[in-house]
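What TrEMBL says about this protein:
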type: TRANSMEM; residues: A:31-52; note: transmembrane segment
type: TRANSMEM; residues: A:72-93; note: transmembrane segment
type: TRANSMEM; residues: A:100-124; note: transmembrane segment
type: TRANSMEM; residues: A:130-151; note: transmembrane segment
type: TRANSMEM; residues: A:163-181; note: transmembrane segment
type: TRANSMEM; residues: A:213-231; note: transmembrane segment
type: TRANSMEM; residues: A:260-283; note: transmembrane segment
type: TRANSMEM; residues: A:289-306; note: transmembrane segment
type: TRANSMEM; residues: A:311-330; note: transmembrane segment
type: TRANSMEM; residues: A:342-359; note: transmembrane segment
Amino acid sequence: MTATSPTDVPAPDLATEGSEWLTRIARSAEAVVIPLIAMVSAAVLFSIFLLFLGKSPVEFFNLLWVGGYGSAFSWTNTLVRAGPLIFTALCVAIPARLGIVVIGGEGALVLGGFTAAAIAIPFLGWGAPWLIQAVMFVTAAAVGAAWIGFVGVLRHYRGVNETIASLLLFYIAVAIMNFFVEGALRDPGNPNKPSTPAIGDANMVGDIPGTDIHWGLVFAIVLAIAVWVLMNRTRFGFAARITGGNVRAARAQGLPVGRLVVVSCAIAGACAGLAGFFEVAAIQGRANASLAAGYGFTGILVAFLARQNPLAIIPVAIFLGGIAAAGGLVQRRMGMPDATVQVLQGLMFVVLLVSETLYGRLPFFRGKR
Amino acid sequence: MEADSNLTIVLLAMLAGAIRVSTPFLFVSLGECLTEKSGRINLGLEGTLVFGAMTAYAISYHSGSPWLGVLVAGFAGSLFGALHGYICKLPRVNDIAIGIALMLFGTGLAFFLGKAYIQPQAPRLPSIQLGGWSDNAQVQSALQINPLFLVGIALAVFLWWAFRNTRWGLIVRMTGDSAPAALAMGYSVNWVRFTATTVGGFCAGVGGAFLSLYYPGSWSEGLSSGQGLMAVALVIFARWNPLACFGAALLFGAAGALGPALQSIGVTQGYYFFNAAPYVLTLLIMIASTSPKRSLKGAPGELSITK
């Protein structure tokens, strides 16, 4: 960096390694600060909404804090919910790196959980717990991978819009589960709620020692880190990000775009399928309609809030898990409908997307670029 | 003989279903058609539909007038459309993502505000009897037609005509095909798209009113399961032609009626599969009617999903 010709873009005076680091930090700070601004704005808007209804925002946010993070009990509740949110958010974030918007993670969760519960049936009574769990685990991941991988296939080979296709497949997944749960695989011992037969306490996935949180959370965190490494530190991830940035450039480079799309979708689906596995094998013990509890849809918000970064998904999932965990408390104490959390999440989502427009426009961050 | 009459029952029930179930599809798809013609896609119409259904039911319950409910549902829908249209105008904001967010927000808000209306009975929309000529009770019930169905047909024909023959139809199509061209002609691209999305939201709100005030005719949280979204897919299938939207809506209505129709003659086996028929049909249609090689005939050039 000695002489600059007049046609060059005016470079910063300190074009040294130090300023490059500053730019990096400024960029990362921007990616943290702008979502934070969005969350605060959403909270303000929601407070106004509450005031209109004659409810106290102070009480609401206090209950949110108490119910989500106020005690060991609420932390347990929060972290148990954070696990599936990490899985389903990964299901959104991985294809997003290729510019693909998959919103049907809930379908892979439902079908993964259901097939895991179904495949366990012939093993019950004689199989060792580790064997049953291993078979269920692999089945859930494989079914999830096939389900969302199919979306990738449709997208690449038929040009079918993946957003619509994945959501349609969610409804189909629920129908498939209901068909079996109300029919061939219905547990006759459970007349009130149609379910598959229970896998039995002995075969359930246990808790992390000293807590009431099952191993799914640990697994989710490890998986998120692994996905981060895959997307940011491997050739596969690099190729995927090029494809997401510019498909034509990727093709010109000879990258196997179709395979990248399908494989990424399949990995994403496997993540969501595992969420279903842990819901069945660690919490419910059987598959029924409660599987479609909305984790897949909250996971979309988690992924967008984390800016599709697998590492950022972990804290964001704990944040939103806390809000979901506090939902029951808010419902009881303030007499509000169970959809309250849904409204808050929807509002957060809308405000967050509006905040996207701020990137690169805030003078504070631009000054350092 | 037995099988024969059963077949008649199923076919009649599907015809009745096509007329009854198709109306929300028709309204949402016409609204979406208008929005997409202007070059934007609004995936949030599912949320708009549910919110419209809730609003219509609440207004009808409080005022006693279902038609007022339809109108207010339309305006509530246009608010959602306007929100979508306004946010999309901001730079760096993706219309598909906003659609997903508004879908979740709209359904959430509808469930929240609609909690109080799950129990009470609101006055429903009247229907017109067109089946008086037949002694067959089923034919008569199949031809009980809601006025909104007729309004929907008129709207489809009007939109089809207006896209071709009016000044604003041309402006909307031009904006959808090439924003620079619209700009060069001195039209504000954002304004045209904002208006098209707002009016599209109005249609979706009216479609929702039909759900809660006519068929199935009550407000519950499971009222719409993806109809709004299927309508978006239906527009692609109909190649952005309002008249084809009508035909596609009838087809979807018939598919939706398959499950209940079979149940009425005692076929309960596979009920859930038949209920999934509209989703499967939508997916198959999308697979069959799109291609990665060529852009779709009649597709607005600026539309992000077909690029």
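Yeah, the Cβs are placed from backbone N, Cα and C, and that goes for glycine too.
Of the two recorded stretches, the transmembrane segment (A:311-330) does not lie close to the transmembrane segment (A:31-52), with fewer than three CB pairs under 8 Å once pairs fewer than 6 apart in sequence are set aside. The transmembrane segment (A:100-124) and the transmembrane segment (A:213-231) are not in contact, since fewer than 3 Cβ pairs between them lie under 8 Å (pairs 6 or more apart in sequence). Between the transmembrane segment (A:289-306) and the stretches A:31-52, A:260-283, A:342-359, it is A:342-359 that has the most C-beta pairs under 8 angstroms. Sequence-distant residue pairs (6 or more apart) of the transmembrane segment (A:342-359) and the transmembrane segment (A:31-52) include at least 3 whose Cβ atoms are under 8 Å, placing the two stretches in contact. Sequence-distant contacts of the transmembrane segment (A:260-283), counting only residues of its own chain at least 6 positions beyond either end whose CB sits under 8 Å from a CB of the stretch, comprise 80, 83-84, 87-88, 90-95, 97-98, 100, 102, 105-114, 116-117, 133, 136-137, 139-149, 151-153, 155-156, 162, 199, 203-206, 214-216, 219-220, 223, 227, 230, 236, 239-240, 243, 250, 291, 293, 295-296, 299. Under 8 Å from some Cβ of the transmembrane segment (A:130-151) lie the Cβ atoms of residues 91, 95, 102, 104-105, 107-109, 111-113, 115-117, 119-120, 123-124, 162, 165-166, 169, 173, 199, 203, 205, 262-263, 265-274, 276-277, 280-281, all in the same chain and six or more residues away from its ends.
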